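Step one of this worksheet: look at the structure below.
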Amino acid sequence: MEMEKEFEEIDKAGNWAAIYQDIRHEASDFPCKVAKLPKNKNRNRYRDVSPFDHSRIKLHQEDNDYINASLIKMEEAQRSYILTQGPLPNTCGHFWEMVWEQKSRGVVMLNRIMEKGSLKCAQYWPQQEEKEMVFDDTGLKLTLISEDVKSYYTVRQLELENLTTKETREILHFHYTTWPDFGVPESPASFLNFLFKVRESGSLSLEHGPIVVHCSAGIGRSGTFCLADTCLLLMDKRKDPSSVDIKKVLLEMRRFRMGLIQTADQLRFSYLAVIEGAKFIMGDSSVQDQWKELSREDLDLPPEHVPPPPRPPKRTLEPHNGKCKELFSSHQWVSEETCGDEDSLAREEGRAQSSAMHSVSSMSPDTEVRRRMVGGGLQSAQASVPTEEELSSTEEEHKAHWPSHWKPFLVNVCMATLLATGAYLCYRVCFH
């Protein structure tokens, strides 16, 4: 397959960064005037990730129709997506208003609520304990009907009710839960299986409104999801995988929302996902067998994502740089969620990824041995501290053995005294 050869050549030459920069320079740039209005500042998660004016979703509100979301229409593929940022606490109602007004049936979430100690998205759907949430600002109620937790994703069945008309609709919430922080999955297998589960639900069909896709900024992982889906759809329609140019498709999508695909690594992963998906479409038995294994959805996580070991139980007072965490408010220990321009997005993610890789690689067996030695040393030190009883018994023992300690010294003194006295007496007798 031509695309696979292209991938291998780029990989061998290490040209992903250069190709990514070319895409960035060729990408369209359109005005975002509405997003920059002062009244909309608190509706943007990142100050420099904004929807273009010509493709932004407009809410049916008289006072303010703004939401940080873009409609992406891929004509040949006959596919439409709404890409949006992770909802903020003050925009959760707007998010569900958009879902209602656009008649969307599915929501795809590609991030976790908390990542790297930073809040990436508000909790905009009810959890098991709550069962329902009411959004008074938009007159909507959301109820959790069921939750199906798989090894690398979760599917939630939600009911969205318009409190004014009492009309209800079923919404499917597809939550991919194993995308590594500041990186990409090692293998596209589980990601593609997740994509095909979304397809099978009918949420992407023309019978419904555009599917809503989000991560944190709504451009990186979200762009990867939509790019892979569109390319695979075009391959299937054309019956010629080699005719699909991923770079060209991405540039077309960037006409509707800025910054889709944030890093060179995400671009590389998109190629991998499309190549793997194309093999499945073309009937590659090895790929199909692998996907059958994933489809069993047993309790074991796929090999590409093994979670870190559980953290030890939290101590009452945990020192941090000479301070105790519990003496400070919790927000002081969470990095501030800000984001500069698209360059800084990529740089920040790249730095975090490289530092994460460095920290993982530096966790050598020697490090673990040293940690255990330090722990053992502390335990030994604690064990060697005598108790009060031990101290008192030791003192008594010293008192009991006092004569035995001084006896040799006293004997020597007495002997020396006797010898000196004898010598003196001999001297007196002999010479006087």
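Including glycine, each Cβ sits where the backbone N, Cα and C put it.
These come from Swiss-Prot:
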- MET1: N-acetylmethionine (MOD_RES)
- 3-277: domain 'Tyrosine-protein phosphatase' (DOMAIN)
- TYR20: phosphotyrosine (MOD_RES)
- SER50: phosphoserine (MOD_RES)
- TYR66: phosphotyrosine (MOD_RES)
- ASP181, CYS215, SER216, ALA217, GLY218, ILE219, GLY220, ARG221, GLN262: substrate binding site (BINDING)
- CYS215: S-nitrosocysteine (MOD_RES)
- CYS215: cysteine persulfide (MOD_RES)
- CYS215: active site, phosphocysteine intermediate (ACT_SITE)
- SER242: phosphoserine (MOD_RES)
- SER243: phosphoserine (MOD_RES)
- 297-322: region 'Disordered' (REGION)
- SER335: phosphoserine (MOD_RES)
- 335-399: region 'Disordered' (REGION)
- 354-364: compositional bias 'Low complexity' (COMPBIAS)
- SER362: phosphoserine (MOD_RES)
- SER364: phosphoserine (MOD_RES)
- THR367: phosphothreonine (MOD_RES)
The answer, for which of the recorded positions SER242, SER243, GLN262 has its Cβ ringed by the most other Cβ atoms inside 10 Å, is GLN262
Nearest to TYR66 (phosphotyrosine) by C-alpha distance, among the modified residues SER50, CYS215, SER242, SER243, is SER50
I need the CA-to-CA distance for GLY220 (substrate binding site) versus SER243 (phosphoserine), whole Å please. 25
Tell me the Cα distance separating SER243 (phosphoserine) from GLY218 (substrate binding site), rounded to the nearest angstrom. 28
Tertiary neighbours of TYR20 (phosphotyrosine) (same chain, Cβ under 8 Å, six or more apart): ILE261, THR263, ALA264, LEU267
Roughly how many angstrom lie between the C-alpha atoms of CYS215 (S-nitrosocysteine) and GLN262 (substrate binding site)? 12
Pull out the modified residues from the set SER50, SER242, SER243 whose C-alpha sits within 10 Å of the C-alpha of SER216 (substrate binding site). none
If one measures from the C-alpha of SER242 (phosphoserine) to the C-alpha of GLN262 (substrate binding site), what distance in angstrom results, rounded to a whole number? 25
